[in-house]
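Colleague: I have a structure I would like to understand better, so I am pasting it below and will then ask my questions one at a time.
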Amino acid sequence: MGFLKVLATSLATLAVVDAGTLLTASNTDAVIPSSYIVVMNDDVSTAEFNTHREWATNVHARLSRRKNGETGPGKHFEINGLKGYTASFDESTAKDIANDPAVKYIEPDMIVNATANVVQSNVPSWGLARISSKRTGTTSYTYDSTAGEGVVFYGVDTGIDISHSDFGGRAKWGTNVVDNDNTDGNGHGTHTASTAAGSKYGVAKKATLVAVKVLGADGSGTNSGVISGMDWAVKDAKSRGANGKYVMNMSLGGEFSKAVNDAAANVVKSGIFLSVAAGNEAENASNSSPASAAEVCTIAASTSTDGSASFTNFGSVVDLYAPGQSITAAYPGGGSKTLSGTSMAAPHVAGVAAYLMALEGVSAGNACARIVQLATSSISRAPSGTTSKLLYNGINV
């Protein structure tokens, strides 16, 4: 893999060699100006990757195109072999960097948001009871006492209020790529973590929880920040040992992003189950990321009467439904809150994945298929081309 190591060599010579592509965004409103994610070819070695980043830094400095304070290459990541980095370039420099044959593609960095969309008060939660029964209307949650013990849950979100009583001392901070405030200033991350693994509100009541903060107090972040969070979690899981059991929940989404999808795919390949919210735009989930990644478990939201929630995204990329309307779970400050959205549906599935890993020893790579196998065909009037499968923990199977 050749790199341009002598700056005096014309950049034009690279154009005749197979090189990367500068991708464009379908929704320019989501694009962060002058911000990019650079992804390298699969066969680029670590040494070549380092050399490329040094070269890119020099190209950025030499071309002096920094009209808006662009700073050049930034943080780099390596997720189970997927190498890349964030960068602040003007468009002309980005095109020049894309001409390096070591580059697979460059895409604009974009805004990503938490996917909860409705807040309701004084509504009892019903999701736990529904996932342990084959019919509606039950009021008890039945589960095996293993309850996700020995499994690590990564909440890639707005953070977790680790002092909340619903976590019973099982939650800790992992990383924060947003700011220096290791708190959940939004509440979304605490709620989703509680749904997955809270002692009172959660599915896998004995799992360990790790906060991976990639969204700020306003519920928004960047694709590059999300990728950094995934990168950290993969490395943390690796440090814990190859025989560990790991699940990740990402109740967030944005415009379609090849970089985010590729990163999510490599999270799964590394041995971490990944549950993802389908999104709340009432449109085909293939338009958003990471929901459209083939390797993840993409979750739509159901109602208490087994309907498809009016807001949920849909389509062939959806693996199954889970309770997502009027879900009560822990909230920062010691209390609880009732929220609706595919954000609430996805952690139910992450919790069941942790539950099955502890109970059956199912692997991360097979967990989504096992969950779909156990699911009941209960959703009435699912949108055309969308599964009718509804999450079920298999307690009476």
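Every residue gets a Cβ built from N, Cα and C, even glycine.
Sharing the record's features from Swiss-Prot:
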- 1-19: signal peptide (SIGNAL)
- 35-113: domain 'Inhibitor I9' (DOMAIN)
- N113: site 'Not glycosylated' (SITE)
- 125-397: domain 'Peptidase S8' (DOMAIN)
- D157: active site, charge relay system (ACT_SITE)
- H188: active site, charge relay system (ACT_SITE)
- N249: site 'Not glycosylated' (SITE)
- N280: site 'Important for catalytic activity' (SITE)
- N284: site 'Not glycosylated' (SITE)
- S343: active site, charge relay system (ACT_SITE)
Colleague: For a quick check of packing: other C-beta atoms within 10 Å of the C-beta of H188 (active site, charge relay system), how many?
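Modeller: Neighbour count, Cβ to Cβ under the 10 Å cut-off: 29.
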Colleague: Distance between N113 (site 'Not glycosylated') and D157 (active site, charge relay system) at the Cα atoms, whole Å?
Modeller: 9
Colleague: Of the recorded positions N280, N284, S343, which sits closest to D157 (active site, charge relay system) by Cα distance?
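Modeller: Closest candidate to D157 (active site, charge relay system), judged by Cα separation, is S343.
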Colleague: Using DSSP and collapsing to three states, where does S343 (active site, charge relay system) fall: helix, strand or coil?
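Modeller: Note: S343 (active site, charge relay system) is helical by DSSP.
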Colleague: Cα within 10 Å of N249 (site 'Not glycosylated') is the criterion; apply it to the recorded positions H188, N280, N284, S343 and give the hits in sequence order.
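Modeller: Close recorded positions: S343.
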Colleague: If H, G and I count as helix, E and B as strand, and all else as coil, what does DSSP give for N113 (site 'Not glycosylated')?
Modeller: strand
Colleague: Pull out the recorded positions from the set N280, N284, S343 whose C-alpha sits within 10 Å of the C-alpha of H188 (active site, charge relay system).
Modeller: S343
Colleague: Over all shown protein chains, what is the count of other CB atoms within 10 A of the CB belonging to N284 (site 'Not glycosylated')?
Modeller: 20
Colleague: In angstrom units, rounded to an integer, how far apart are the Cα atoms of N280 (site 'Important for catalytic activity') and S343 (active site, charge relay system)?
Modeller: 9
Colleague: If you run the three-state DSSP split on N280 (site 'Important for catalytic activity'), which class comes out?
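Modeller: Reduced to three states, the DSSP call for N280 (site 'Important for catalytic activity') is coil.
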Colleague: So among the recorded positions N113, S343, who's got the most Cβ atoms within 10 Å?
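Modeller: Result for the most crowded candidate: S343.
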Colleague: Report, in whole Å, the straight Cα-to-Cα distance of S343 (active site, charge relay system) from N284 (site 'Not glycosylated').
Modeller: 16
Colleague: Using a 10 Å cut-off on Cβ-Cβ distances across all protein chains shown, tell me which of the recorded sites (N249, N280) has the largest neighbour count.
Modeller: N249
Colleague: Mind giving me a neighbour count for D157 (active site, charge relay system)? Other Cβ atoms within 10 Å of its Cβ, every protein chain shown.
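Modeller: Counting Cβ neighbours of D157 (active site, charge relay system) within 10 Å gives 30.
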Colleague: Return the average pLDDT for the domain 'Peptidase S8' (125-397) as a whole number.
Modeller: 96
